[in-house]
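Taken straight from TrEMBL:
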- D:61, D:111, D:157, D:164, D:188, D:240, D:258: substrate binding site (BINDING)
């Protein structure tokens, strides 16, 4: 495994077309595009890494997997009252679909859907309490108390969050949100600003590898069925309007973030985190996808 | 003329299907649907009326004609940088078109367009100053110092303004607004809450009857060309997605509001105001349209 | 009047940016873009012209005014069962709106609507009979037996008519057409291929100038109300998604065709035909619109 | 396995809400909704069945898996020049997406995409030859010479194929089809009219179970990578706008048809065919989906 990762990291270092760093969030636009890291966590606790796997980065939309998991734990299937389970066929921040479907987002991994999930989690609590709970949950599934929120990134997002505010107010106009829009967005922007390194991120996905159990930590996080269902949602909707392409090329459930990270799950085999800040035109890490494609070709881990 | 108006009012009193009062703004939903009023103002200053023509009502979107006129006066054609001049083919509060056209609203008479016009008028001023200027302008064109804003209605709109907030944030995300969204909306909701009666409203349209001049008041408001152009926009876009139907049946430039009022202009002939709070499914006054149709049949005032 | 036209023609001759000749119909793509002609027909029968006003051109979509008039004469308001009366807010050949509104076209002047009108006119007859009737009707309203169909253009359209075939089959799938699609399209393409010169075209609009009566010919074509309504449809929908702009700049009911012709009506004043084959990006004659704008500025014929 | 199937069949027999038989194709609308069959084919050649597993039915859109496989074999990745690989987020016969993406269908499993695939396969041949090749290929992968096309169903589809004709002409208008529309549709309708029973259908999917090899027949059909990729497309796009739901509930690559059949693949485990003619609102077999959900719960065959 270490050999495979080293080879991938070497190949990636030589890539010239590295995509474009997200430029609409000021704090993210200043990241150096030449960085690359990859970690593979096995159920037994071993973690293999290559590249700068201890370098923190903003997990952004990958956090949507964790907030969905938390929401399902707190509310069960009631989560699905205000968010769907279908691929959207639209960019991550599209509002067209919302108008056609009465303010109900297509899935929990596009922005509108993730905002609805935050609203579901809040349950009347203040943003601060809600964030504390969320952070505690992420530390729990990653079995790592050293995970924090990068406040500078959160503030940076707030300053340019008109599109997300538009999505939230739109849903609110259909009565789909139950807390003040500014409070929901406050939580949402902070959730997206959780900082992790590849090793932490890989470990945080272990419960999805082993039917809901983080084996190395020794506890169950969700039921086997729920783990499978979260995996299915990651495969169908985890890469916005590039989900089909990711399934075609990589063949693993995965969730990307505009910070350049991707979390991918090989059920029964491993949890994989990869990070390279340059994005393709759809907003998914360019080298991250390529690296996962290589890894799957070497390991035969495709679920298909 | 008085005879025609009396007959129309009598016919309207007998109508059973009076449409449905707008229910999404609390203060408007409690208005009695059985009311009807109509006033015809002639260039020489005479005003004929029937029904409760001194009853105040919320002019709502009719105010968009006045704010556009004010904006054109202050900025000229620069107004058109962030708002178009085409019918929208969509409901008054649709956001789909905004996404397809990079946040630029189709015309100044749909909500998004009117919000962009307010932003243009503000020019760095505070909402209070901006509203004072707007109110002064409306009093000026109507030549009536007794026109006020109904604060209760404005507050009522604020409490349920998520859809408009969504439209505003959406435009802001494309860099099309230059003031804080909450301040723009504050002005917008107050502008929509201007209260007038039919006599006042009819008089306020006189400058559009006589090529830009309010003859009875004795002053020019806009140039002849600008008056014609505002009339053309009223005809093309004044009744949202029912503009074609209004042109077909009535044949006059007109602007409706969800308060149940309509201002219609017969160029060279008269300015007409009609009010009946019940709306058709598109959001235009049901009896108001019918009354205008009758009036035009009697007078031959169609522009076609 | 002659002086005004001469001056306009001179100005147009000097214009450098003449737009782009329609290139999707082979026979139209070979027309010389440098041509220009304009004719003004007065109710008393006088016709003033400038430029190559006897040069035949393909009237294309202008024919939709004549087929609608014929359909209204044959079926009355039943025409409106399968076609609406609102501006579309979309390009002339868009199919999106059809899907959103169950195959019912927004108005009779976009392609889908005109195809529905042809279907209404056919009433079980064969294409040949239907075309003969249509041609006879156009000759009748223009009071000119020398109007023909250019078969070469019709064939040229058939060879590239996939988009219109798609629109027709789409409406048929909703049960909105009552004749075989290929027969309807045969009539439609031939109707669009009627050839006229500016003098003939201007005269063909006279019935819309004088409340339904062709005064110089001495007969009534439609009722006064119907003439006004056709004018209103021309204003609202006559220039596709550029109708608002045309109303704003010219202020007259008008219908354009991709052959570069425009028929405009100044109610009570004159019928105007203009031709210049270069189109703007929306598909309306670039110099034709400019020439009408000049004419209206000189004559004050705007309906607003 | 036999026990599981018997229990599923028994449960299905007791279901009251069986969905609605497709009514837009006359020949399909007369099928008895009370039928149910299920077959599981294992790589070693064993086939377990329950219900009327020898009853022929129209495979309809399931044929799109076979035509795509054939097209990839003939043209390789050139197939993707005119068809995408993303879920559509729209109904199976939507045309909106085509207009927004220049006539390129989102994936090979919606109608437009399958029509584009047929066009790719034809390569200048006549419909007859093309159909013969297609039928031969289906017999080859199912290792069964007794598979036929139901001409009555094909004719029935032709008689009501306006929507598909519209899709085809639309793509043709963008230059995306290279054969006459009527010939392409002829092949397409016949391909959809292939009749199979559950046993045959289950066997036809065996090459997708074992990395491209039909082990029981003893030959390779496609490469391992291609088999995985076809599976990924089935998962992402195989159930139209219900693909997310199918992945969530069943967790297997699958392709449904409006005839009520579903082919599902458990990689490395089994190929499963199920048939029940009643459909849910999206057009997928209601009991078929339910039966697969039960099967996966019993066997643990979910890929997630």
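Backbone N, Cα and C define each Cβ position, glycine as well.
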Which listed residue (D:61, D:111) has most other Cβ within 10 Å, given these are binding-site residues: D:61
Enumerate same-chain residues with a sequence separation of six or more from residue D:240 (substrate binding site) and a Cβ-Cβ distance below 8 A; give 'none' if the list is empty. D:88, D:91, D:92, D:109, D:110, D:256, D:282, D:283, D:284
What span in Å does the substrate site cover, taken as the longest CA to CA distance among D:61, D:111, D:157, D:164, D:188, D:240, D:258? 20
If you count the other CB atoms within 10 A of the CB of residue D:157 (substrate binding site), including all protein chains displayed, you should get 23
I'd like the number of other C-beta atoms within 10 A of the C-beta of residue D:188 (substrate binding site), please. 26
Take the Cβ of residue D:258 (substrate binding site) and count every other Cβ within 10 Å, whichever protein chain it belongs to. 24
Counting every protein chain shown, other Cβ atoms within 10 Å of the Cβ of residue D:164 (substrate binding site) number 24
